[in-house]
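Annotated site 'Interaction with substrate rRNA' per TrEMBL: Arg62, Arg103, Arg106, Arg110, in sequence order. Residues or ranges marked as site 'Stabilizes Arg-xx' in TrEMBL: Asp64. The feature S-adenosyl-L-methionine binding site is assigned by TrEMBL to Gly186, Gly191, Leu207, His208, Pro209, Thr210, Ser211, Leu212.
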Amino acid sequence: MSPLHLIIAEAGLELVPREIEGEPNIMADAKRRRKKPTEILLDISVHYRAMKKLDKWFKRGRPDIVHVAMLLALSSLLNLANLLRLYVHTVKDTVIFVDPKTRIPRNYNRFVGLMEQLLVIGSVPPCSSKPLLWVEDLTLHQLIEKIGCTTPILMHEKGVLLKPSDFSRYVVEKMLKSEVVCIVVGGFQHGDFEESTLKLFKNRVSLHPTSLEAWSVISMIINSIESSEAISRIIWGNS
């Protein structure tokens, strides 16, 4: 059986761009945290005024979405059973690779510090031969090719509407056949995927008639897969 590959795509997770590093609220935040402006995470709740000058600012500066999504995925029974691989593809085409054994801090401020260290240095722990987190500059297309995905699926509000149970049945059947299934969930708060992303996927799925938060979609996907008979047998054994 192949694990499920879950990609949080176009995520609003990035360091402060150089074009706004001199903005007053950016400088004040960096000074308060005793860091260089370009070594702190862009956060719309803190840097809103400066961010309005950025291209597609409404899709950026939401590390909290990634935080909740990573906590959900990495603490799941699916991950504990070694049946999940998680990746974070950012709006800047940086990909975070995540060792399944990684435990993300529950505290948001600690998570922010961890992501800043990762994006500045490139791996966590630094200089480790076996890091728990590491980054590579890859487009979403390049990531999918690197994974060797045979069944790419985009979660999209305009996709084919399926019940979670029907969707999980389809996914688990592919996993049982050792097909490489990649499910892509948007990691941004507003707007749509880039056209270059939409062109990659013929298979688009929606799990509800209305738009859902990224963490809700991830929770529905993982829970429904865990509830399938084949996966339950692996997780719980014969109990």
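Every residue, even glycine, has its Cβ placed from backbone N, Cα and C.
The Cβ of Arg106 (site 'Interaction with substrate rRNA') lies under 8 Å from the Cβ of Leu71, each of which sits 6+ residues away along the same chain.
Here the recorded sites are Arg103, Arg110, and the one whose Cβ sees the fewest other Cβ atoms within 10 Å is Arg103. Looking only at the recorded positions Arg62, His208, the densest Cβ neighbourhood within 10 Å occurs at Arg62. Here Arg62 (site 'Interaction with substrate rRNA') is positioned 24 angstrom away from Pro209 (S-adenosyl-L-methionine binding site), judged by their C-alpha atoms.
Between the alpha carbons (Cα) of Leu212 (S-adenosyl-L-methionine binding site) and Arg110 (site 'Interaction with substrate rRNA') lies a span of roughly 27 Å.
Nearest to Ser211 (S-adenosyl-L-methionine binding site) in space, judged by Cα atoms and limited to the recorded sites Arg62, Arg103, Arg110, is Arg62.
The DSSP secondary structure for Thr210 (S-adenosyl-L-methionine binding site) is coil. Ranking the binding-site residues Gly186, Gly191, Pro209 by other CB atoms within 10 A of the CB puts Pro209 at the bottom. Distance between Cα atoms for His208 (S-adenosyl-L-methionine binding site) and Asp64 (site 'Stabilizes Arg-xx'): 23 Å, as a whole number. In the structure shown, the C-beta of Leu207 has more C-beta neighbours within 10 angstroms than that of any other entry among the binding-site residues Leu207, Thr210, Leu212. In the shown protein chains, 12 other C-beta atoms lie within 10 A of the C-beta of Ser211 (S-adenosyl-L-methionine binding site).
Closest to Asp64 (site 'Stabilizes Arg-xx') in space, going by CA atoms and restricting to the recorded positions Arg103, Arg110, Gly191, Leu207, is Arg110.
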